[in-house]
Amino acid sequence: MSDDKSKALAAALAQIEKSFGKGAIMKMDGSQQEENLEVISTGSLGLDLALGVGGLPRGRIVEIFGPESSGKTTLCLEAVAQCQKNGGVCAFVDAEHAFDPVYARKLGVKVEELYLSQPDTGEQALEICDTLVRSGGIDMVVVDSVAALVPKAEIEGDMGDSHVGLQARLMSQALRKLTGHIKKTNTLVVFINQIRMKIGVMFGSPETTTGGNALKFYSSVRLDIRRTGSIKKGEEVLGNETRVKVIKNKVAPPFRQAEFDILYGEGISWEGELIDIGVKNDIINKSGAWYSYNGAKIGQGKDNVRVWLKENPEIADEIDAKIRALNGIEMHITEGTQDETDGERPEE
């Protein structure tokens with residue numbers, strides 16, 4: 001670069017720093033080492049691997065959408081439990097007014113430490129979310145759900161009144177404000193969304209999500225969660241077989257998917273995933289109905305092995321670590337804003 005260009009650039013940089021503060025513009029040279037991406041585990045080993053970075057990225061917006069009763073809220077509560085386990089502070093903006101503390105506690109959520117808001121309007125919900133993010137004291141915020149973020153004008157109006165595009169404009173404005181603060185405070189914000197059907201679509205999928213297109217653009221990760229079957233023991237239904245597809249991913253290659261079981265009253269079957277993925281990666285050996293680890297038999301049949309892993313959490317954690325290392329996933333989970341940390345997985 002010529003001397004004249006260098007002087008002009010130096011003057012411009014000095015003016016920018018004078019106007020907007022030091023660090024407003026930086027050169028990505030050797031002194032500015034790229035930091036490891038911090039993540040919060042989803043509570044599902046398979047999904048952590050599918051995301052490519054070991055969990056949901058902090059400082060980003062994540063959208064989780066799917067049909068009714070597909071496990072959207074369960075997945076979010078599992079992630080909240082994982083965040084709290086590492087000392088993180090979490091908030092749950094319950095726009096649907098359907099939060100169940102008993103169920104959340106069963107999933108490992110420390111309900112007494114969870115900040116819960118049940119706002120009256122969409123504007124109030126998003127303003128609360130923005131204030132929490134800007135505080136810098138929250139590690140994870142869940143908004144459940146976008147479809148329930150009803151604009152104030154619609155609530156105060158009469159039934160049948162037309163309010164075309166109000167919710168989409170509300171989301172667009174809120175996300176413009178939120179994005180910068182989310183990055184600066186390194187907060188993970190998860191929006192749960194519902195599916196609607198587009199009328200008159202002849203080709204392609206007729207499904208769409210609520211709240212307009214803004215959330216699709218601002219989200220770094222979009223997860224499509226579906227129930228694919230039921231888990232039965234005789235005639236009794238014990239849970240759901242679930243598939244999650246990574247529709248969009250700005251931090252790793254997209255279009256991967258994970259399959260896991262969600263058991264009623266327990267949540268995601270982490271031990272079941274350890275068995276399936278462990279066998280696939282040759283960490284757990286399967287011979288007929290028998291499973292063995294490090295040359296020792298650990299049970300006959302998947303259900304018995306799952307119980308054994310629950311009773312031996314240190315072995316389960318060891319298998320988990322081996323699977324992550326084999327797949328090149330290092331857990332860059334930092335401690336939250338609280339001082340205490342707990343290295344054990346919450347009991348189910």
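Glycine is treated like the rest: Cβ placed from N, Cα and C.
Neighbour list (Gly66 (ATP binding site), Cβ cut-off 8 Å, at least 6 residues apart, same chain): Lys72, Ile195, Asp224, Ile225, Arg226. Per Swiss-Prot, ATP binding site is recorded for Gly66, Pro67, Glu68, Ser69, Ser70, Gly71, Lys72, Thr73, and the stated evidence type is sequence analysis.
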Tell me, how many other CB atoms lie within 10 A of the CB of Gly71 (ATP binding site), whichever protein chain they belong to? 25
Looking at Cβ-Cβ distances, which residues of the chain lie under 8 angstroms from Pro67 (ATP binding site) while being 6 or more apart from it? Ile195, Arg226, Arg227
Which secondary structure state does DSSP assign to Lys72 (ATP binding site), in the simple three-class scheme? helix
Given the ATP site residues Gly66, Pro67, Glu68, Ser69, Ser70, Gly71, Lys72, Thr73, which other residues of that chain have a Cβ within 8 Å of the mean position of their Cβ atoms, reported in sequence order? Ile225, Arg227
If you count the other Cβ atoms within 10 Å of each Cβ, which of the binding-site residues Ser69, Ser70 comes out on top? Ser70
Just to be sure I understand the packing, how many Cβ atoms besides its own are within 10 Å of the Cβ of Lys72 (ATP binding site)? 21
Same chain only, sequence gap of 6 or more: which residues have a CB within under 8 Å of the CB of Glu68 (ATP binding site)? Gln194
